[in-house]
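Okay, so here's the structure we're looking at.
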């Protein structure tokens with residue numbers, strides 16, 4: 001089993017000058033991580049976790065949290081982190097990828113040589129020693145065995161944790177400056193001194209030969225740990241300055257950490273080449289070579305190097321003025337530069353819709369693009385809002401005392417409407433064209449009046465919560481480009497905040513127009529905060545998931561009051577649209593009893609369970625008007641959930657699905673009456689021949705509100721390929737007017753998608769959206785197709801790669817067989833080779849017969865029966881064995897087909913079979 005520890009060793013860079021020892025029992029009831037965080041802000045340079053009563057699992061969890069705090073403070077490369085006594089826990093944590101730099105052991109703990117053998121040569125090992133004689137014995141240890149010594153106590157203390165770094169001999173003896181210097185001179189290792197240390201000791205300690213001081217209570221027990229740490233650090237530096245101690249010699253005398261040696265056998269030593277595996281037969285060697293080649297292709301296809309080089313985000317400045325202000329709107333687009341056509345001239349760059357957003361530091365978040373637009377209208381107010389509490393992040397956060405990775409970037413006070421709804425629908429209905437509408441019109445290449453009128457009629461929605469000013473306005477409606485949503489979010493089983501932010505960035509890079517955070521696991525509130533502050537696209541949620549987490553997954557404990565509080569919490573954070581399963585009514589639940597797959601919607605099943613347990617109507621339905629009033633204050637759009645959607649083809653279009661749809665039509669009108677934007681969620685599994693019926697039924701029942709569908713999947717037989725089965729249905733339903741398609745990844749029905757699954761799902765659905773736009777005859781929909789076709793015909797290979805939705809996969813597949821750079825200028829690919837390339841042959845035909853005048857002359861002569869020079873050449877080619885064919889007219893083709901059909905029928909054949917047959 002290989003060592004998974006990914007971090008560089010700190011054995012040559014740790015700083016003992018401000019060494020903070022801490023455990024949960026030292027923090028006076030405050031969260032351990034909060035105290036560590038404050039100590040780091042105050043200048044602590046070394047952290048030791050000491051929790052004598054904790055078991056290995058608890059210590060590992062604490063270590064993970066402390067390592068995350070150090071990372072959040074951007075000090076992972078400057079502040080070392082060790083665990084007291086438990087080398088076994090350090091070993092386990094490092095194998096889990098947690099940044100624990102080493103262990104500190106006492107005289108009664110693990111023998112130093114054993115600790116070094118267990119942890120390997122990269123870990124820090126510290127050792128306690130209280131006397132000069134003990135230090136001299138430690139010097140006899142093999143070179144490279146330990147890295148520093150902890151000596152103490154400086155003062156008599158009744159609390160054992162402060163007696164010394166690693167433990168006390170119980171003698172009660174203390175150290176003075178002379179004794180400290182004696183120990184330091186005797187030691188071959190840097191020495192850190194502590195035990196009852198306070199700020200008053202700093203000048204004396206800094207004047208000795210000690211490398212630094214260690215402390216527990218003076219910081220952990222202080223009213224303000226940050227200020228206490230800062231005072232001590234400044235006192236030390238006033239005498240010592242920034243001068244650092246030296247390091248023990250690094251002599252590698254041990255093997256790597258236990259259990260890694262076997263995994264590293266045969267691996268290359270530093271500075272040497274890896275030894276290739278030898279094979280006993282040619283077949284094994286060829287198979288290994290093929291596998292290695294395929295792995296290289298797969299790795300290249302999973303990246304974005306070529307895409308990032310070719311797809312450049314730019315902005316177009318659009319002046320905008322209305323009664324509330326004047327602005328220069330910087331509207332984004334993607335520019336793809338194209339090469340020249342050989343012998344003809346330059347090709348203009350291709351401009352495409354951009355969803356990626358500007359680059360930013362994820363820890364700081366995006367700039368609030370729309371904040372001035374929102375404030376200048378004068379119809380909102382700032383207010384304090386509800387206070388976030390640990391319950392918002394779930395039961396594990398309550399136990400831990402904090403989220404695993406707190407948001408420390410830009411903070412904002414929540415805003416809400418003052419006197420009237422502040423939705424884009426309200427403005428549109430009052431004839432006000434907002435900056436958001438002009439921004440969208442520029443992105444869509446359409447007239448702004450089309451945007452306003454579609455919003456006013458409810459045929460389009462613009463999800464843009466005033467508390468998410470970072471989002472770039474976009475529109476969802478059948479009159480506009482078909483949009484794509486990507487789902488993500490953690491679960492109770494897997495993922496982290498960093499992974500979810502990375503998935504967000506990855507999804508928008510490849511073209512996601514909106515993202516839904518469907519987190520159901522750890523840190524729901526904080527994960528959402530990170531996502532919102534970093535998202536250039538609207539964010540949707542299902543608030544029921546967080547509400548259920550707050551009642552520890554017991555649906556019977558849900559209430560309207562708890563749900564309302566959760567909705568307001570998310571409105572204040574900036575969620576742009578919310579899935580509300582208000583159409584799952586008590587009387588509809590029995591209709592699902594005989595389904596093959598029952599109720600597959602998580603939100604729908606939660607509400608069905610609540611209705612049955614209480615035998616009451618859904619509080620989402622009975623309090624729907626109150627939800628409308630809340631949404632109108634923040635401009636949050638409804639995504640009316642299809643809680644009774646079919647989860648298999650066998651259940652499609654049944655009474656439960658259609659009954660819920662009728663209720664969603666009623667709720668749409670109720671929301672519109674309060675100027676709240678609405679879109680309707682659609683079915684997930686539908687036979688292909690009923691896809692069109694579903695969209696047409698939704699339009700009729702829900703008054704042309706935008707339809708938002710998951711796929712639909714058109715077969716249930718392809719786990720692992722449901723991004724394909726669903727993209728087929730998505731293209732068809734998009735063709736007939738579905739406004740937004742929710743992607744499906746290869747992991748659908750199988751597990752939580754990772755980064756590569758997200759890319760696969762987004763690309764599949766970008767293709768579906770684009771195909772639907774072409775089928776709808778959307779203006780300019782075929783521009784990209786025409787550009788790439790022209791590049792293909794002209795053998796401009798790089799332009800072909802760059803104009804594709806996934807340049808990295810395209811170039812990886814091409815280079816799989818033709819990797820040489822000259823092949824990217826060749827007039828063939830590996831499919832046909834240089835002699836049989838249809839494009840090359842077609843170019844020769846164009847050279848011979850191209851030009852409008854030549855074409856007209858050929859047609860004229862052929863119609864007149866004249867054997868032109870061109871026709872004579874064609875006949876000569878046939879005579880010489882060159883494959884050719886006479887071109888039949890449409891009439892001749894039809895006549896020939898009829899004749900063949902008659903012959904087939906006369907022989908007893910049947911052209912078509914009935915369903916019974």
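Cβ coordinates come from backbone N, Cα and C, glycine included.
Listed by Swiss-Prot as binding 5-amino-1-(5-phospho-beta-D-ribosyl)imidazole are 487, 545, 581, 601, 602, 603, 642, 643, 644, 645, 681, 708; the candidate from 415, 425, 437, 516 that the record includes in that site is 516. Take the Cα of residue 51 (4-amino-2-methyl-5-(diphosphooxymethyl)pyrimidine binding site) and measure to each of the binding-site residues 85, 109, 487, 643, 708: the nearest one is 85. DSSP assigns residue 603 (5-amino-1-(5-phospho-beta-D-ribosyl)imidazole binding site) to a helix in the three-state reduction. Taking each of the binding-site residues 49, 51, 837 in turn and counting other Cβ atoms within 10 Å of its Cβ gives the largest count for 49. Reduced to three states, the DSSP call for residue 643 (5-amino-1-(5-phospho-beta-D-ribosyl)imidazole binding site) is coil. DSSP assigns residue 545 (5-amino-1-(5-phospho-beta-D-ribosyl)imidazole binding site) to a helix.
Around residue 685 (Zn(2+) binding site), the C-beta neighbours below 8 angstroms that are at least 6 residues distant in the chain are 645, 646, 647, 648, 649, 651, 652, 711, 712, 713, 716. Mean pLDDT, taken over the region 'Phosphomethylpyrimidine synthase' (271-917), works out to 87 on the 0 to 100 scale. Non-local contacts of residue 749 (Zn(2+) binding site) by the CB criterion (under 8 A, 6+ apart in sequence, same chain) comprise 719, 722. Taking every protein chain shown into account, 84, 85, 109 are the binding-site residues, and of these the Cβ with the most other Cβ atoms within 10 Å belongs to 84. Residue 603 (5-amino-1-(5-phospho-beta-D-ribosyl)imidazole binding site) sits 42 Å from residue 49 (4-amino-2-methyl-5-(diphosphooxymethyl)pyrimidine binding site), counting Cα to Cα.
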